[in-house]
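Presented below is the structure to which this report refers.
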Amino acid sequence: MKTVIKNGTVYQNGRLIHADVLIEDQKIKVIGTNLTGDKEFDATGKLVAPGLVDVHVHYREPGQTYKEDIRTGSEAAARGGFTTVGAMPNVTPVPNTPELMEKMVKKNQEKGIVHIFQYGPITNDETTDIIPDYAALKKAGAFALSNDGHGVQTAQTMYLAMQKAKANNLIIATHAQDDSLFNHGIVNEGKKAEELNLPPVTELAETTQIARDLLLAQKTGVHYHICHVSTKTSVELVRMAKARGINVTCEVAPHHILLTDDDIPKDNGYYKMNPPLRNKEDQAALLVGLLDGTIDLIATDHAPHAKKEKQGGMKGAAFGITGSETAFSTLYTKFVKKDKVFTLEQLLSWLSDKPAEAFGLKDAGVLEPGKNADIAIFDIEHEATIEEKDYKSKGVNTPFTGQKVYGETVMTMVNGKVVYQRGTK
């Protein structure tokens, strides 16, 4: 059967064009005008984009399915326009053997409604210094390695991990955090931490580990990816490293460019995340880093929790906020439509082709004939309100609920199949 998406504004090869998209046999066949098919979707006034790519999500299965599971997490991704995601390995048990990795990959395929690529751990349970068999994990389906949620605390362990990752052509994606400097902190060091009388988080907890790892990456030649950079100094370190030819990429999370610690209204668990919200100077540096190419891509760090784990003050709350369902609309509304900091083409690139390119996901993030028909359609002309009742995720832990936005997802397709359509259950 031939399906045509008609009359849309199509993002292709870095440009926006007025075109139709013809889909057949799960693939994009033609992008052109005056196309016809057996089934047609009218996308007049809508944005037709490649399915977005999010290389940083937490789906909590197995082990904590009361927070999220593969099905609900992937449904949330689809509702946000994401068709390809990278799932972090901080589940129970951690997929640190080929048997566990194979089981995880199979579960992702059976339960997920989007393409789910699975990370393996850098170290066995993400906190020890024991390095698993990377070759076996890769053979079993691991596409990259991460201890996200934990920094690798010893330089020797990271050095060995990088050597082994390089030998197996695997990316090391790190949560840069020196625990001795993090020191059970909650809010970014500064006025807000003092005002709320909460333990501060120094930027050094992030930046010292990035500096260490960049030297190790230079020595080993590994592809070193930094998750959720959040400080001005982090951006400066990456900029210098790229100038020296170090094989480094990095991501920024939407909340770190949309919000600062000044936006925390009170001691509210919904604003507790790791890294924490930083100051305005850091926020400005992150935006400059995106615009000049120092920061390669945007990734949500979708981290769902049960309501009871985020209610009340920050001290007792879990770290993390959701992001899959709010990322595109909040970023588009603030930075493209209102403040005009980015172009729409730039935003789409950071959410589609750039992450796919960074992680070598060859079929993802582009609209081209012959590629998988992974497509997201957004309504960028009409305002909508982000409402808790609409979330597909089990987690509702986001400060963006109630915001009025443009860019709501109308439809998401994976391999030509509609996996989300606005207004349907």
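For all residues, glycine too, the Cβ spot is worked out from N, Cα and C.
Fair warning: this is a prediction, and the values are worked out from it, not measured in the lab.
What Swiss-Prot lists as Zn(2+) 1 binding site is HIS56, HIS58, ASP148, ASP301. Cβ contacts within 10 Å of ASP148 (Zn(2+) 1 binding site), excluding its own Cβ and spanning all protein chains shown: 23. Under DSSP, ASP148 (Zn(2+) 1 binding site) is assigned to coil, being neither helix nor strand in the three-state scheme.
Following the DSSP three-state reduction, the secondary structure of PHE319 (substrate binding site) is coil. Marked as substrate binding site by Swiss-Prot: HIS58, TYR59, ARG60, ASN90, ASN274, HIS305, PHE319, GLY320.
Residues annotated as Zn(2+) 2 binding site in Swiss-Prot, with sequence analysis given as evidence: ASP148, HIS175, HIS228. The Cβ of HIS175 (Zn(2+) 2 binding site) has 24 other Cβ atoms within 10 Å, all protein chains considered. Under the three-state DSSP scheme, HIS175 (Zn(2+) 2 binding site) falls in the coil class.
What Swiss-Prot lists as active site is ASP301, and the listing cites sequence analysis. Note: ASP301 (Zn(2+) 1 binding site) has non-local neighbours HIS56, VAL57, HIS58, CYS227, HIS228, ALA253, MET273, GLY320, GLY323, i.e. same-chain residues 6+ apart with C-beta under 8 A of its own C-beta. Annotation note: ASP301 (Zn(2+) 1 binding site) sits in a coil segment as assigned by DSSP.
Taking Cβ-Cβ distances under 8 Å and a sequence gap of 6 or more within the same chain, the neighbours of ASN90 (substrate binding site) are HIS58, GLU126, ASN147, ASP148, GLY149, HIS150. Under the DSSP three-state reduction, HIS56 (Zn(2+) 1 binding site) is assigned to strand. Distance noted between the C-alpha atoms of PHE319 (substrate binding site) and HIS175 (Zn(2+) 2 binding site) is 14 Å. Note: the Cα of TYR59 (substrate binding site) and the Cα of HIS175 (Zn(2+) 2 binding site) are spaced 17 Å from each other.
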